[in-house]
There are 2 protein chains.
Amino acid sequence: MQKVGILGGGQLGRMLIQAGIDFDLDISVLDPDPNAPCKLFANRFEVGKLTDFDTVYQFGQTVDVLTIEIESVNVDALEKLHQEGKKVFPQPQVIRTIQDKRLQKQFYQTHQIPSPEFVLIDNKGQLADHADFLPAFQKLGKDGYDGRGVQKLTSPNDFEHGFDKPSLLEKLVDIDKEISVIVARNESGGMRTFPVVELVFHPAHNLVDYLLAPAQITPEQAAQAEALAQEVMLKLDMVGLLAIELFLTKEGKILVNEVAPRPHNSGHHTIKANGTSQYEQLWRAILNLPLGDTSAQSLAAMVNVLGASGHTGNAHYEGVNDTLGVKGAYLHLYGKKLTKPSRKMGHVTILDQTLQGLEEKIDLIKRSIKVVSK
Amino acid sequence: MQKVGILGGGQLGRMLIQAGIDFDLDISVLDPDPNAPCKLFANRFEVGKLTDFDTVYQFGQTVDVLTIEIESVNVDALEKLHQEGKKVFPQPQVIRTIQDKRLQKQFYQTHQIPSPEFVLIDNKGQLADHADFLPAFQKLGKDGYDGRGVQKLTSPNDFEHGFDKPSLLEKLVDIDKEISVIVARNESGGMRTFPVVELVFHPAHNLVDYLLAPAQITPEQAAQAEALAQEVMLKLDMVGLLAIELFLTKEGKILVNEVAPRPHNSGHHTIKANGTSQYEQLWRAILNLPLGDTSAQSLAAMVNVLGASGHTGNAHYEGVNDTLGVKGAYLHLYGKKLTKPSRKMGHVTILDQTLQGLEEKIDLIKRSIKVVSK
C-alpha cells in the first residue's frame, strides 16, 4: 500500500480521497484548519501550516508521494524533499512559477504562450507610469486567492487605492467567453485532456451562473483550446493535473488567463459526466498509471452551493430533498462545519440530454438548495 | 451532520463510505477484523463481534441511523435499538427472515413468491425421507456464506455426508440464466429498480466468468424480473437496498433463488455504469431522500479480482498498468492486507458500446490482473 500525502484538506482534497479509495492508498492530509473537509476521511489528518518549512518538510517525510490541492504551500520544503528523492507532483518548480502571478505571466511571455498583455509593478508609485495601460486589472504577485488580490483600475484616479506590493497590471480584454481545460500528464509522458468547459454568466448580474460542459464553442475553437492547454503542460514539463483558464476574445483569439496545478472547480462535473473524474485522473498521473478516458458521457452543468448571505455559523442545508428529486442531479456536500456568505459549501452536478432541459433543472435547483446557519 | 453506523467493515462498507462522503455524514463502522477494508476511511472504526448482543447494542447507541453490509449480525440487539426509536434499515425483522434460509424460503411460500421447491430438514436422519426429492441442494439454515453451507446431493449415497443441522433441501431446477435485480426503497415508500444483470458462466468451467449489465434477456423477461423484485421488497416491507438473485429456467419461468438486504456483488458496476450507484442509492433510501436515476448509461461488465491460487500472505497486485490501460476499465481495490486463494480483493468494471468489444476487454483484463503474495 502506497503512502500518499495531500497538502491542503479542503473540498478538493476530500474528493481526491474519495477517488483514492479505489487505488488502495494510505492517505495523509495536512491543513491548518482542525475542521477541514478532509478531517473525517483522511487516514491521518495533521493540523499544521502549509506555508511553514518545517511542518511541510516533516509531513512530506512520512509519505511516498506528495501532491497539493492548494498552491500556497512552502515550496522550499517541497524542493528539499524532491532533491532527497521524494516523489512530489506537481514538481516544486512548477508550483513556484504558478503561485507567483508575476512569474506565471513571465513564463507565458518567455514561451510565447498567448496571454493578455501585462506590465510588472513593484509598488504603488509605479502605477502612474502606466496610465496608458488602463483599463486594467492589478493583480498581486502572491497570495491572491478566490478573487482576493485582484482589482480593476479604470482611470488614474484609481491609483491611490492600488496595491502597494509586487504586482502586475493586466490589460482588459474584450471577452466573448471564459472557458477552461483540464489536462493530465503522468511520469511516462502520457497526456490526456478533458473536453473544454464554459463558465456561463448570469445576463443581469455578470456573475458566474453555472459551469457548462462541454463548452458551446466550435470544434475548431475546442481543438485550439485543448492544444494550447497541452502546450502549457509540456512547457511547464509538469506531472499531475493542470487546469487552464482561458479567454475566448471577441476577436476570436484564445488567451491563457491563469492556471492551477491541481484539481479545479471547473472539473467537479467530471465525477458524474466523464469517463474518468479529474480526481481519479490525478491519482493515475502521479502514481504513473495509464490515464483514463476523459470523454463526456452527457451534457452537464455544475452549480456551486454557496453559503447564503446573512448567515454565519453552523451550516444547515435546506432544499436537499427538492434538489435530489431532480432526475440527474447529484449533490456533493463538502462537510464544512461553518457557513458564511458565499463560502463554497458544496456543488450540484446536473446531467441532461439537452441544453434546454439542463437550464430548466438549473433554475429549479438554484431555487431549492440553500445553506443557512442555525 | 448525521451520525451513521455500518455493521460490517468489508468492501461493501468501504464503497458505502466512498459514496457517503458526498452526503456530509459522520460514518462509524464495526467489524471483528482490525484490518478490515473500512479501517482507513471510516471516521470511527471499532473492532468487535457483529454477532454479540452488547457489542452491537452499544455501537448502535452511538449513531442516529444504522445499516448493515453483512447479514450475520445480532438481530436481537437491532430489535432493541429499533424499539428504542433508533432508525435501523433494513428493519431487524427483515434481517431475521433473510439470515435464516429456512425462514426465507417459508416467507416465499407464505407470500406465493415463485421459488424452487423445498422441504425443511431438522437433522441428517430426516434426509432419508426425501430420496424422491433428489437431485437437490442441501442448504444450512444459518451461517452459510459465499458458497459455504451449501452442498449438492445427487443420490441417497450422499446422505451420509449431509449436514446434521437445521437445513433445507431445495430441488434442482433446470436453469437457463442466473440473473439479479437490485431494488431500493426509502421510508416515504419511493421505490427504484436497477436494470436486471446477468451472471455469465464460463462455458468450460461452469464458474461465474463475469457479470453483464444489462442482462441479455427479452424486455418481457426483464419487466417480469423487475416486477418480481419489487414484489419481494414490498412484501418484506423493507427500507434500504435489496438484491434479488433469480433463476430464469429453461421452461421460461423466473424463480427467486435468494435475496440479500444490502449492497451486493451484482451491483458493483453501478458505480461507473448507472445514473446512480447502489451505494449512493442505499444512502438515499435510509436517509429518506429521493431515490436516484438507475438507468444504465453503458453496457458494462464486472470481473472480480480474486487472490491467485497458491498465494497466501501480504497482497501484491500485478498487471495494474495493463488493466488501467484498457479504455473504459476501472479498478476498485478493497485494501485487504492479506490475500489467499479466491479471496475477493477487488473488482474491475469495464464499459463498452458493444458486447463483442466488452468480451475482448474482459479477456485482456483477466489475463492481466493478478493478486499474489510477496
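Along the chain as shown, residues are numbered 1 onward.
Placed from the backbone N, Cα and C atoms, the Cβ positions cover glycine too.
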Which of A:K87, A:K101, A:K235 belongs with A:K139, A:E170, A:K171, A:L172, A:V173, A:E178, A:N257, A:E258 in the ATP site listed by TrEMBL: A:K101
Cβ packing number for A:L172 (ATP binding site), 10 Å threshold: 15
For A:E258 (ATP binding site), nearby residues of its own chain (Cβ under 8 Å, 6 or more apart in sequence): A:K101, A:Q104, A:E245
Under 8 Å by Cβ from A:E178 (ATP binding site), counting only residues of that chain that are 6 or more apart: A:E198, A:L199, A:F201, A:E245, A:L246, A:F247, A:L248, A:N257
Greatest inter-residue Cα distance in Å for the ATP-binding set A:K101, A:K139, A:E170, A:K171, A:L172, A:V173, A:E178, A:N257, A:E258: 19
Where A:L172 (ATP binding site) falls in three-state DSSP terms: coil
Nonlocal neighbours by CB distance (under 8 Å) for A:E170 (ATP binding site), same chain, sequence gap 6 or more: A:K105, A:P116, A:E117, A:F118, A:A136, A:F137, A:Q138, A:K139
